[in-house]
Amino acid sequence: MAPIVLLNPAAATTVTAITGEVKKHVMREKYCVGKYRVGLPLPPLLRVQRVKCFGKWSTNIDSKIVSGGNRNSVVVKAASEGGAISLPRHWSLPKDPEEKLQDPVPRMKGSSRFFTVGLVASWYSSNIGVLLLNKYLLSNYGFKYPIFLTMCHMTACSLFSYVAIAWMKVVPLQTIRSRVQFFKISALSLIFCVSVVFGNVSLRYLPVSFNQAIGATTPFFTAVFAYLMTFKREAWLTYLTLVPVVTGVIIASGGEPSFHLFGFIICIAATAARALKSVLQGILLSSEGEKLNSMNLLLYMAPMAVVFLLPATLIMEENVVGITLALARDDSKIIWYLLFNSALAYFVNLTNFLVTKHTSALTLQVLGNAKGAVAVVVSILIFRNPVSVTGMMGYTLTVFGVILYSEAKKRTK
């Protein structure tokens with residue numbers, strides 16, 4: 001059985017400390033976080049007052065539930081008397097509470113490296129796969145119902161999120177605590193729907209390569225919305241890096257052989273909506289009591305999205321269910337395409353969360369910049385869409401600007 005660190009309540013409402021010292025091993029010069037299995041009863045709610053983790057004491061910890069900690073603290077919610085944190089098997093627990101834990105036995109670096117590489121490969125495959133399959137269905141196959149397709153994605157995300165969190169315990173369940181928080185998440189879900197639907201609509205008219213070039217301008221819209229809504233100003237160098245981002249898209253637009261004005265406008269709107277959701281999420285769910293990790297946020301947003309999309313697809317895509325069933329009678333592969341595509345849409349969110357958890361948000365950002373370039377190359381090889389030297393130069397300039405933007409943001413933190 002895995003060692004247990006007991007939580008000893010010192011008063012009716014607080015827990016003063018975790019017995020012993022909690023340590024985690026260092027892998028590739030980074031602390032591996034998110035390895036704890038926290039399973040504590042909800043009532044009564046008690047707060048961990050201080051926790052020793054990574055050799056440092058941390059005090060005045062907010063009461064919230066997490067699957068790991070940062071370099072200085074581990075935060076636990078609902079630590080009732082007799083509650084405990086279950087540690088991995090290879091950690092040893094001292095008999096004397098004042099005695100330090102032994103350093104854990106290092107795991108094989110090779111297996112950890114293969115696991116991380118596998119996660120990254122899965123993330124790349126799912127992201128690029130769902131993008132290319134969306135393009136194939138909406139453009140090449142002739143399934144011209146992007147709202148219905150998005151609803152299928154959100155339905156799959158709702159079901160798989162519930163299974164992953166409620167049954168498989170991939171992450172601890174975080175509950176919606178108030179009606180205000182519910183309406184905030186609903187607003188985010190609506191904007192999320194707009195961004196995904198518009199992105200899928202644009203794929204009907206634009207090649208994946210140009211779609212990705214426009215999507216790379218997300219940092220520009222994020223900076224604009226952050227300034228307009230929070231009056232947050234970035235360093236002048238950060239704003240300067242956005243010049244090649246926008247300039248690259250302008251150049252790519254002029255040199256795009258398959259340019260379509262309506263598709264271009266819709267893709268710009270999708271990119272802006274994606275940036276708006278990111279900024280609003282930081283504003284609306286900023287308090288400690290309302291913050292949700294990405295998996296729990298998807299658990300609540302996906303069903304709300306289905307509620308928004310169902311009337312939209314029935315009104316705007318007339319008889320879409322009947323047409324889909326008729327297509328299935330002629331070609332049963334359409335059902336398998338939709339099922340696989342919808343499952344892949346959830347897998348994108350799952351691998352996104354896992355890559356961030358086992359690496360870092362910065363690593364994910366770097367991988368995202370490279371993913372766009374990989375998607376462009378793969379789509380050109382598969383769909384054989386014409387490209388121009390000017391268009392590729394514009395896209396390269398945009399990606400270069402995004403990399404500079406990421407570096408500038410990192411330096412100003």
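Yeah, the Cβs are placed from backbone N, Cα and C, and that goes for glycine too.
Whatever TrEMBL says is automated annotation, not expert-curated.
Here is what TrEMBL records for this protein:
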{"type": "DOMAIN", "residues": "119-406", "note": "domain 'Sugar phosphate transporter'"}
{"type": "TRANSMEM", "residues": "145-170", "note": "transmembrane segment"}
{"type": "TRANSMEM", "residues": "182-203", "note": "transmembrane segment"}
{"type": "TRANSMEM", "residues": "209-229", "note": "transmembrane segment"}
{"type": "TRANSMEM", "residues": "236-253", "note": "transmembrane segment"}
{"type": "TRANSMEM", "residues": "259-276", "note": "transmembrane segment"}
{"type": "TRANSMEM", "residues": "297-314", "note": "transmembrane segment"}
{"type": "TRANSMEM", "residues": "334-355", "note": "transmembrane segment"}
{"type": "TRANSMEM", "residues": "362-383", "note": "transmembrane segment"}
{"type": "TRANSMEM", "residues": "389-406", "note": "transmembrane segment"}
Stretch-level contact, the transmembrane segment (389-406) and the transmembrane segment (182-203), CB cutoff 8 A, at least 3 pairs: no
Most Cβ pairs under 8 Å with the transmembrane segment (182-203), selected from 145-170, 209-229, 236-253, 297-314: 297-314
Selected stretch (most C-beta pairs under 8 A with the transmembrane segment (362-383)) from 145-170, 209-229, 259-276: 209-229
Range from 145-170, 209-229, 334-355 with the greatest count of C-beta pairs under 8 A to the transmembrane segment (259-276): 209-229
Residues from the same chain, set at least six apart from the ends of the transmembrane segment (145-170), whose C-beta lies under 8 A from its own: 134, 137-138, 193, 196-197, 200-201, 203-204, 295-296, 298-299, 302-303, 305-306, 309-310, 312-313, 316-317, 320-321, 323-324, 338, 341-343, 345-346, 349-350
Tertiary contacts of the transmembrane segment (297-314), as residues 6+ beyond its ends and Cβ separation under 8 Å: 145, 147-148, 150-151, 154-155, 157-158, 161-162, 165, 176, 185-186, 188-190, 192-193, 196-197, 281, 285, 320, 349
Average model confidence [pLDDT] within the domain 'Sugar phosphate transporter' (119-406): 92
